[in-house]
Amino acid sequence: MINITTSFPNKTAAAFHKHVTGSEVASAMFPEIAESIVALFVDGNLQDLATPISKDGSVDPVTIESNTGMDIIRHDAAHIMARAVREIFPDTKLAIGPTIENGFYYDFDLSHSLSEKDFEAIERKMADIIAKDERFVREVWPRERAIKFFEDLGEHYKLEILSKVPLGEEITVYKHGEFVDLCRGPHAPSARYVKAFKLTKISGAYWLGDQKNKMLQRVYGTAWHSSEALASYIHNMQEAEKRDHRKIAKDLGWFHIQNEALGQVFWHDKGWVIYRIIEEYIRCKLKKHGYHEVKTPIMLDRKLWEKSGHWEKFKENMFVVEDDKKELAIKPMNCPCHVQIFKSKIRSYKELPIRMAEFGMCHRNEPSGSLYGLMRVRGFTQDDAHIFCTHEQVRDEVLRFYELLMEVYKDFGFDSVTVKLSDRPENRIGSDEIWDRSEQSLMEPMNALGVQYTINKGEGAFYGPKLEFTLKDSIGREWQCGTVQLDFVLPDRLGAYYIGEDGKKHIPVIIHRAILGTIERFIGILIEHYAGNIPAWLAPVQLEILTVSGEVAEYARDLAEMASQENVRVELNAAEENISHKIRKAIFNKVPIVWVVGKSEAGDRGVSVRRYGSGETCRMAAGKALKTLLTCVSMR
């Protein structure tokens, strides 16, 4: 017999015969939710319900509605789609089919050029396969059998994947009817758990993301635990399409990106205003919270990157140039540079903590296929800071940072923030004592503030644990922006130290921290969160004054000067155009406040006020209108 324990919903234990299946354990220990369980965590490892459990351990259920459960049924859907495509187009060769956020895709090599016109037939075939409710069966195969099987099918992409599996590592396949795919799993017990699905788009994708390889056909889809959840997702995607920051910014003339500078932003005047407002806002917050702003070089010698470890682990993502037979790398991050400032003189423990911030321009050689507007770029500015401190100071610094972070998110209109703690990975540097203390120094501030957080087991970096802060936008999408990362390794590698109270050298802890992540991406998030109607304090034009006729142009100019003297960003449209046309143009440009000025308004030194999103016009004295305007543009 073996003993199985669980902490869900309360700590309980049960005895089972050796080699009991996950399905039997689920039925016995979680009878009320057994029908919705698609897999189990066994001692922290995810496995399907058919796999036997042969020793004492702990289990936790994975239900179909959970994030992990949804990931599993999307993996199921990817296999079902691959099977359907092959049944419709027998010459199809299969590449890879992973899950992605809210969906899945599969890469195909076939003679037929797939288009969205094929989706109906593929979806119909998928529905037929699901209706059969065949089981997903996991099998472990000897390497030779797997190679022969895929050779006989001519599946050269699978053979290439097999060739990269280390000798001695278990090779698993999943069978579904007569369909067999190379796969680690896990999968749900059978196809019926894929309750609702839809194919969404098709694109080209190079095999393994390498432009030297063949271009494959990638079909995307989404799958959900219910038709209602699918309908809600489709509605949100349609709403997201309307909010696409690339389209909105193009309409408003805020920025553009072109092929001659892939992944780098051409900021237009109004977009650059938004950028600078955000930068200056963060700068003021940093000063208030005790940070010192620095500026470091963009290119540094290869030797520094070798010392920091980035050359070994990050070189393929770095832009490298040669100068006088030296290799220089354009920096992909700021941290090694900040260490250089720290170690530029002897530091005392009395100086710590040192909070060093930079709006650092960084570059990363991201694959061209992954670039996406402002959300994924090659050239970007991090609102980056590094705190050099002692182990004893970490807790208070994390507490201070969280308070700053929440101030910022609230001002930008984000009230829903989730927190995740990524703790020690299996491969790590440092003693268990250091990791215990470090994890506690991240958890204690959250506990003290009553902040709920989830734990990403084993997902910390090898050099320290981290907290991640994720925003939820107005249509429910999540964006990971803020980070607190402890680092025991970099200061040691780069020779940073301070003189302690004992007169000896000590290595500081570095806290890597960011609030926005990158300014570019955060602006993209803001545009989509507000559908382009960003708050007045951020708007590049806060007030537009429209003249009804040329007779009031001088009065309108006086109004513009009055507003400008109060640091309002104002534009005057005194063109000889129809006033209705001017109003429509101001609405299209999403100007928060519009003052309309005609003979009547000029006669009594007033204005007619229109707010964006409201069709109503309010007549008031110019002085009162300005006071109301100043209140509006100062609100955060």
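Numbering starts at 1 and runs along the chain as it is shown here.
Glycine is treated like the rest: Cβ placed from N, Cα and C.
Model, not experiment: these values are computed from the prediction.
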> Per Swiss-Prot, which one of His289, His292, His363, His386 shares the Zn(2+) site with Cys335, His512?
Replying inline: His386
>> Please compute the mean pLDDT of the model over the domain 'TGS' (1-63).
In response: 89
>> From the DSSP assignment alone, can you count helix, strand and coil residues within the domain 'TGS' (1-63)?
In response: 11 helix, 30 strand, 22 coil
> Which chain neighbours of the Zn(2+) site, leaving out Cys335, His386, His512, have a Cβ atom within 8 Å of the mean position of the site's Cβ atoms?
Replying inline: Met333, Asn334, His338, Asp384, Ala385, Gln485, Asp487, Leu490, Ile510, Ile511, Arg513
> Which is it, of His386, His512: the one of these binding-site residues whose Cβ has the most other Cβ atoms within 10 Å?
Replying inline: His386
> When you measure from the Cβ of Cys335 (Zn(2+) binding site), how many other Cβ atoms are you left with inside 10 Å?
Replying inline: 21
